[in-house]
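In case it's useful when we look at the structure, here is the feature table from TrEMBL:
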| type | residues | note |
| --- | --- | --- |
| TRANSMEM | 12-29 | transmembrane segment |
| TRANSMEM | 41-62 | transmembrane segment |
| TRANSMEM | 86-107 | transmembrane segment |
| TRANSMEM | 119-136 | transmembrane segment |
| TRANSMEM | 148-167 | transmembrane segment |
| TRANSMEM | 187-204 | transmembrane segment |
| TRANSMEM | 216-239 | transmembrane segment |
| TRANSMEM | 268-289 | transmembrane segment |
| TRANSMEM | 301-321 | transmembrane segment |
| TRANSMEM | 333-354 | transmembrane segment |
Amino acid sequence: MNEQAYKITSKQLIFILIGATIGVGILTVTSTAVRESQQDAWISILMGALPLVVGIYSMHLIGSRFPDLTFAEYCEIILGKWPGKLLALVFVVYSLAFAAIVTRLFVNILKIYLFPETPIWALSALILFTSAYLASKDARVIGRVNELMFFESLVLLAFILGAVPKVELSFFQPIGDAGMANILKGAYQTLFAILGIEILLVIYPMVQRKNEIVKAGLTAVAIISGIYLLVVFVVLGLFGPNAAEKLRFGLMVLLKTYNAPVIERAEFFFIIFWVFVAFRPVANMFFAGRYTVEKILNINSPGWVTLALFPIIFLSSLFPGNFDKILGLSTTIGYLGLLFMIVIPVILWFTAILRGVGGKKVA
């Protein structure tokens, strides 16, 4: 294996973390948060960023103790061969489930706005073929594609920023009226939208300058939170909490009201660009699952492993019956995501200290 091919810069790490997090959630996050916290949904978004910050430090805590090893490798050192492999396998299941759920959400949105007559299986296969090709590549390719797609996504932000002057600030008043309990519920309901940075467990040893990982991670969190905050601010500020709660894809409804001299149907123009953005979480988590399987089996066969995992994700993406069931599954998988982001890294770090393993200094 060419280890240098699996090295990325801290800048590319930022784009990978953003790419693993922002996808279909950008369309649904407003209605999800407003349902609980009403006009204080923007506060829920800010509070939802806190687990990401804690997660960055938690994953750096264990990663810096084993800077040259991936999650699967140091799990075996800390817990023993078979318990370590089992925990790594659970992470693989989580990664594939994440990819499958995002794929199905992606498909549902495409059917609503672009391909109403196309079968679900056909759209799912198309998305996964594209994602599988990227997932079979090395980390540098993943980093470059995520970087390219991030700058392409700035076109989408331009659409959103264009609506800011129309925002009615009275829709955000009175501030805090929803109550802390409901604000926290709103933050909890947006959980799946903020997941994805746990990919750091896999790509930590691939980053060239380990001393820049925390800074890069926090930068990614700031950008992720800023984008979600902007979306919630604009949709809530234009439609108000009562309407925003009922609009499942409030951002798309907003774009239908968008007036531009050249663009007649802004929502279609938007979704064409959004397609290139939304496949990133699928490809990134597919890569994380594929790479972890290779480490569990101690093999170097990215193509064959990707091929073996493809039908698992594909069939899983066909399983949920309707959109509400998919959202319910996403909430459930969110629990596991938080465990891998915060709880498990801390437990592994503490266990490593007790057992006296690891401890290599980060350069």
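Cβ atoms here come from the backbone N, Cα and C positions, even for glycine.
Please treat TrEMBL annotations as automatic predictions, because they have not gone through curation.
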Answer with yes or no whether the transmembrane segment (333-354) touches the transmembrane segment (268-289) by the criterion of at least three Cβ pairs under 8 A, sequence separation 6 or more.
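Per Cβ check, the transmembrane segment (268-289) does not touch the transmembrane segment (333-354).
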What parts of the chain pack near the transmembrane segment (12-29), using Cβ distances under 8 Å and only residues at least 6 beyond its ends?
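45, 102, 105-106, 109, 140, 142-144, 146-147, 149-150, 153, 190, 192-197, 199-200, 203, 207, 213, 216-217, 219-221, 223-224, 227-228, 231-232, 248-252, 274, 277-282, 284-285, 327.
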Same-chain Cβ contacts of the transmembrane segment (148-167) under 8 Å, 6 or more residues past its ends?
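Same-chain contacts beyond the flanks: 15, 18-19, 22, 227, 230-231, 233-234, 237-238, 251, 254-255, 258, 260, 266, 269-270, 273-274, 276-277, 280.
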Between the transmembrane segment (86-107) and the transmembrane segment (119-136), do 3 or more CB pairs sit under 8 angstroms, pairs being 6 or more residues apart?
yes
So, do the transmembrane segment (86-107) and the transmembrane segment (301-321) meet, by the test of 3 or more Cβ pairs under 8 Å (sequence gap 6 or more)?
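Contact criterion met.
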